[in-house]
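Peer 1: Encoded as structure tokens, here's the structure I'll be asking about.
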Amino acid sequence: MSLQDAHNSSSPSQKLPLWVQCLEHGQGLGLPHYATEGSAGLDLRAALPENESITLSPGQRALIPTGLIFHLSPGFEAQIRPRSGLALKNGITCLNTPGTIDSDYRGEVKVLLINLGQEDFIIERGMRIAQTVIAPVTQVEVRLLDPNSDLTSSQTDLSNQPNTGRGTGGFGSTGQK
């Protein structure tokens, strides 16, 4: 199947449902939504009390409530990601990116923000603070390879794997250019 065929076979009407429970402090903020037709992430808003704000000083972090509980389908996760505009203009980003909301989590979705900028940043009720991307999850069965045992054809013989150019190099071993 070509990329064009795959694109043509999907339509906006075939979107998966995301069931969301709105908590009392999230009332009036609206549901997460895509900013444009091609957006990958749904915008999340700060569910702070009316007339209250949080000031993030440079280097400070805070856990911001969204007022939402996601009921994800099994086999999916919600990834919490920063908004590029907040990062570029103010140095505001998510500390653990992407944050993962597992399908069996039933608590409020919260966003851990940090101010990496040079000035205080004020977060107010209803402000778009992050985005969430719903993604499929692949779980694996972890198996311990015993290097002293005879590997059968149903097992992977890692001893015959060729060396790679990367080898055991990590954390910057491939360079920056």
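Using the three backbone atoms N, Cα and C, a Cβ is placed for every residue, glycine included.
Just lifted these from Swiss-Prot, have a look:
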type	residues	note
BINDING	R83, S84, G85, N96, T100, I101, D102, K110	substrate binding site
COMPBIAS	150-163	compositional bias 'Polar residues'
REGION	150-177	region 'Disordered'
COMPBIAS	166-177	compositional bias 'Gly residues'
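Context for these features, please: burial, neighbours, distances.
Peer 2: Following the DSSP three-state reduction, the secondary structure of R83 (substrate binding site) is coil.
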Peer 1: Over the span of the compositional bias 'Gly residues' (166-177), count residues by DSSP class, listing helix, strand and coil in order.
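Peer 2: Tallied per class, the compositional bias 'Gly residues' (166-177) gives 0 helix, 0 strand, 12 coil.
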